[in-house]
Amino acid sequence: MRVVKVGFLGFGNIGSGVYQVLRDNADLIEHRDGLRFEVKRMLVRDVNKNRKFMVGTKLTTDVADIAGDPEIEFVCEFMGGIHPAREYILEVLKAGKTVITANKQVLANCWPELQAAAQESGAGLYFEASVAGGIPIIRTMWDSIQANHIDSIMGIINGTTNYILTRMTEEGLSYEEVLESAQKLGLAEPDPTSDVEGYDAMYKLSILGSMGFHTRLPIDVIYHEGITKVTKEDIAYGKEMGYTLKLLAIGKKRGNEVEARVHPAFIPNTHPLASIRGAFNAVFMHGDAVGDLMLYGRGAGDLPTASAIISDLVYACHQDKHRYMTFKNQPFLDPGTTILEDWESEYYLHVKVVDKPGVLAKMTQIFADHEVSVASVFQKNTSAKEGSASVVFVTHKTRELAMKSVLKDLEAEADVLEIKNCIRVEEGEQDA
């Protein structure tokens, strides 16, 4: 048996979950892997704060107590945010200690310097828990389908937004109603911006896309849009057409072209991702050899995340420190790779118009002017009192920039009272 000394950066919910699993399943881990982990020091902001576990003198407010301890081989970071997590991770990496992190934000924003620090000191950097909680998506990409060229990734990788959209879909509630309920239940943060505006999923897609496509995808090249404009009417209209609405993280690679985007999208009810309910996550990928592959599970929570962190911890004990760092000998961005800003989608467009003859013809002409083909059009609610009607268009596949031109011209049309929503439709690319 090997005793492994570990340091923690942070000891909140996730840290407590890791500590609990290491304690409760210590015999199981020793039996399977010949390892017994001892958490020696834990960096916290306040050593006097009441905590789930009383660990006494293990607590410290000085990162040097961990970075400078020669007995500590591995450091687990779960502080969240960029600062001071970035500075602490860099300090322990430079001290030659392998880091296991759940921090998608610091990875997405600071990967090059973290990679450089690990390479220089000979330390390892592991991050299974940074994407989709307990789902082993990083390990699958790295160890199970490494013989594949991955050409597409489509995922539900934010549990809060999937919970909100699920309840809106199943109960006919508004976004505001479900968000308020989710906050009371602790399923949404008091400030939900990172989740509902798509930032959280953007950070995770940066990591998944970089891994899957061997192409550095910094967050500033990823389009992101949240769910705050989604209405229960849009969801209901989509249901009538056989669609389910999800917040999707989408990455595609075709030759030397890559697209990366996060936004709400309708998908057919028959698509595997359409059945993912509540706070669960799933990632649907396609490889040239394996074909379609989907991983599903809990995307957040203390124990699912702890499972992923400990998986990395055990794995790191048995592997060369550079197992996840082999990009060090090649550029992350493949030569000649282009990040696309003009991708193709079908579109759902919901507009409120003046209810009079000739308006529909004007709108369809605008679509034609920009070579956007309309697949179907429906007139929905009509208000005699307001003299208005709601019209829903669904287009054939078209370019993003062409659709933006359509929207611009529709906004300038006097008989168009309001563009209620424009939502992409992703049919998916499943194997036959």
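Glycine residues also receive a Cβ, built from the backbone N, Cα and C atoms like all the rest.
Note that the structure is predicted; figures quoted are calculated from it, not measured.
Listed in TrEMBL:
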type	residues	note
ACT_SITE	Lys204	active site, proton donor
BINDING	Leu9, Gly10, Phe11, Gly12, Asn13, Ile14, Gly15, Ser16	NADP(+) binding site
BINDING	Lys104	NADPH binding site
BINDING	Glu189	L-homoserine binding site
DOMAIN	348-424	domain 'ACT'
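Overlay of TrEMBL annotations on the structure.
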residue	record	Cβ neighbours (10 Å)
Leu9	NADP(+) binding site	26
Gly10	NADP(+) binding site	22
Gly12	NADP(+) binding site	17
Asn13	NADP(+) binding site	15
Ile14	NADP(+) binding site	27
Gly15	NADP(+) binding site	28
Ser16	NADP(+) binding site	20
Lys104	NADPH binding site	24
Glu189	L-homoserine binding site	14
Lys204	active site, proton donor	26
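Taken together, the residues of the domain 'ACT' (348-424) have an average pLDDT of 94. Every protein chain shown contributes to the tally, and the Cβ of Phe11 (NADP(+) binding site) ends up with 25 other Cβ atoms within 10 Å. According to DSSP, Leu9 (NADP(+) binding site) sits within a strand segment. Taking the centre of the Cβ atoms of Leu9, Gly10, Phe11, Gly12, Asn13, Ile14, Gly15, Ser16 as the NADP(+) site, the nearby residues of that chain (Cβ within 8 Å, site residues left out) are Phe8, Gly17, Val18, Phe78, Met79. Each residue of the domain 'ACT' (348-424) gets a DSSP state, and the totals for helix, strand and coil are 24 helix, 36 strand, 17 coil.
When the Cα atoms are compared, Asn13 (NADP(+) binding site) and the residue listed as 'active site, proton donor' turn out to be 20 Å apart. Proximity to Lys204 (active site, proton donor), judged by a C-alpha distance within 10 Å, picks out none of the binding-site residues Gly10, Gly12, Gly15, Ser16. Between the C-alpha atoms of Glu189 (L-homoserine binding site) and Gly12 (NADP(+) binding site), the distance comes to 15 Å. Annotated pair Phe11 (NADP(+) binding site) and the residue listed as 'NADPH binding site', C-alpha to C-alpha distance, rounded: 17 Å. When the Cα atoms are compared, Ser16 (NADP(+) binding site) and the residue listed as 'NADPH binding site' turn out to be 19 Å apart.
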